[in-house]
Amino acid sequence: MREIVHLQTGQCGNQIGAAFWQTISGEHGLDGSGVYNGTSDLQLERMNVYFNEASGNKFVPRAVLVDLEPGTMDAVRAGPFGQLFRPDNFVFGQSGAGNNWAKGHYTEGAELVDQVLDVVRREAEGCDCLQGFQITHSLGGGTGAGMGTLLISKIREEFPDRMMATFSVVPSPKVSDTVVEPYNATLSIHQLVENSDETFCIDNEALYDICMRTLKLNNPSYGDLNHLVSAVMSGVTTCLRFPGQLNSDLRKLAVNMVPFPRLHFFMVGFAPLTSRGAHSFRAVTVPELTQQMFDPKNMMAASDFRNGRYLTCSAYFRGKVSMKEVEDQMRNVQNKNSSYFVEWIPNNVQTALCSVPPRGLKMSATFVGNSTSIQELFKRIGDQFTAMFRRKAFLHWYTGEGMDEMEFTEAESNMNDLVSEYQQYQEASISEGEEEYDEEAPLEAEE
């Protein structure tokens, strides 16, 4: 029944993936070795979206773990849920990609990719009716970015009609791991524009801000950041895993969220925000959830939606929530902030409900928005890219792996096109003729 095959590539992807599996195993009542000891039939009803049932009441994630060096894999294997995964589904090289996109995409990664595809094929064959794939990776490194996008395009070739969702960690403006991040990210986005159906953009800096501002953590660890990401991933996939009044799957999400095929980069948010360990002790109401969910401080990508407009957005509410209250709240948000929504897509807020709340909460909400302000994120990466590419800095690492400068130029222009497409739809209004855009007056959103 509508299975999803999950891939995690590179260090970042594997750490986020591990946090995700930990979260949803808990929600489905599985312990660290995949044995079910839950309390509710709802946990079992659609378990098979993400898990295969093995003998002895054990459930095994339909996950493929990929990396070009064994380090992160060993850490996952040694972690609390390391025994959950099927041992054959760990596919790793020995050399590492060294933050080099070309190594991940053309040399080291390309050698490993067939081995990964064999595992993916085996997982897909074990499905009744495969719905699609989800990939967790970062765009700033070598393996997740280079090999991740290679896998996406290979899977696209083999399963052209299945959905492809990616949870992509975008390099942040201030926190940088490596100097070549802008190169890796631009080359990756160039691939994602063509090959992904929906990309949820997450960025470390926004996560740091949430941890420090909202959760009051002075010194957030990657564990805390991954906890936030896994909350969102669990929220986005909740409709697939539990029965609810208004269910949704990856394809419905895409149909409702993507007005133009290239514009499939979403911002995500979650409410109520809680730190690991400290569950909120106060009752939350639907208005509060809605308020927090639409709060720019709550977005997990560093772009402020007040600088753009929403093309579409969708909200997933979990828990014992009154349908009517949710509808009223969402309508309320739209009416009060109409300047932040494009007027040429009338009912552009989609809601879905699921009756099973996350662990430790009475109710929660997950937000996915397709906002034109995501262009800020691409602009920022593009500017950094241009600054280095103009001087051909660090290029020899890429050309040495057989890449051509032309590819960089193409990726750069594709990303610039993406930015201007977002800008064009931000400024479009109903009254204008077909192709006349008002260049003089960009829309300012008044608070």
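Even glycines carry a Cβ here, placed using N, Cα and C.
These features come from Swiss-Prot:
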- Gln11, Glu69, Ser138, Gly142, Thr143, Gly144, Asn204, Asn226: GTP binding site (BINDING)
- Glu69: Mg(2+) binding site (BINDING)
- 425-447: region 'Disordered' (REGION)
- 432-447: compositional bias 'Acidic residues' (COMPBIAS)
Site of maximum Cβ density within 10 Å, from binding-site residues Gln11, Ser138, Thr143, Asn204, Asn226: Thr143
Candidate with sparsest Cβ neighbourhood (10 Å radius) among Glu69, Gly142, Gly144, the listed binding-site residues: Glu69
Ser138 (GTP binding site): secondary structure state under DSSP, collapsed to three categories: strand
Secondary structure at Thr143 (GTP binding site), reduced by DSSP to three states: helix
